[in-house]
Amino acid sequence: MLKPFVFITKPIPEEIEAFIGEHCRYEVWQEDTLPSDVLFEKLKEAEGLLTSGTSGPSINRELLEHAPKLKVVSNQSVGYDNFDIEAMKERGVVGTHTPYTLDDTVADLAFSLILSSARRVAELDRFVRAGKWGTVEEEALFGIDVHHQTLGIIGMGRIGEQAARRAKFGFDMEVLYHNRHRKQETEDSIGVKYAELDTLLEQSDFILLITPLTDETYHMIGEREFKLMKNSAIFVNISRGKTVDEKALIRALQEGWIRGAGLDVYEKEPVTQDNPLLQLDNVTLLPHIGSATAKVRFNMCKQAAENMLAAIQGQTPKNLTREFQ
């Protein structure tokens, strides 16, 4: 009997290719750009699609119309804002993602942005490379402390909890959090305190945004919210770029509403060279690499492959997104 066919939108480790090949016929797209017409042609026979929630195609009605046999879209990412949930349900296509494997790694990155922004690591690296060491008074290079300060976390999911542990037990910080639902068990085990969003913004020295992108969270941090923050605050976003009004963030940095920012995500990715953020010294910029370690990316890819194969074989994948559970 002919094995089912699956399409993979970007290169994956050879070991995982071999694993998929034991159960399916497959094709891996090797180029940087995947034209829509090519994708649609590949999907004519595909029962599974392995892709990414950050760099993969939008799973919308147009795509699904070209994929009559599709059973599952497996994201190699935690986020799945590329899913049109309603359209997928209408077609009987389930969606999966890869939570759990990256929680600690992304929390580590969050703290690297907090520390880098507080101590101006990227800015002062450029300062030294430009031969400016010794040209200004030392006070001009001062940063701010992280330990014993207040961290406000917006979105107390698994990554938020790991970030809170680092803050509380590693840096002896006061930790406030805001979440859709209060989490008493987390409050008891870690010692964090729930706060309304405005209170968190007003009282925190560092603000960490780790919320999924939904209709409700689109531009949830804008001019009003930045003006509520301390002018000494540092804002860090590792969620999705569109949770923040980027124009308001740029003004906040330019006009001193806040001290600085650390960003791993942006409204438009990759960032274009005319983005004003690139001209600002008080922001640390990363290229959306929250989970980017070799071990974690391998584990995410393996989990995505297992999710896809389970759905194709008529089993319930371990990591269905909540809308398909």
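Placed from the backbone N, Cα and C atoms, the Cβ positions cover glycine too.
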Further NAD(+) ligand in Swiss-Prot, beside Arg158, Ile159, Ile238, Ser239, Arg240, Asp264, His288, Ile289, Gly290, Ser291, within candidate set Thr211, Thr214, Thr316: Thr211
Among Asp264, Glu269, the most crowded of the recorded positions [Cβ within 10 Å]: Asp264
Recorded positions near His288 (active site, proton donor) (Cα-Cα within 10 Å), from Arg158, Thr211, Arg240: Arg240
Alpha-carbon distance [Glu269 (active site); Thr211 (NAD(+) binding site)] in Å: 18
Densest Cβ neighbourhood among Arg158, Arg240, His288 (recorded positions), 10 Å radius: Arg240
Taking residues Arg158, Ile159, Thr211, Ile238, Ser239, Arg240, Asp264, His288, Ile289, Gly290, Ser291, which bind NAD(+) in the record, the widest Cα spacing (Å, whole number): 19
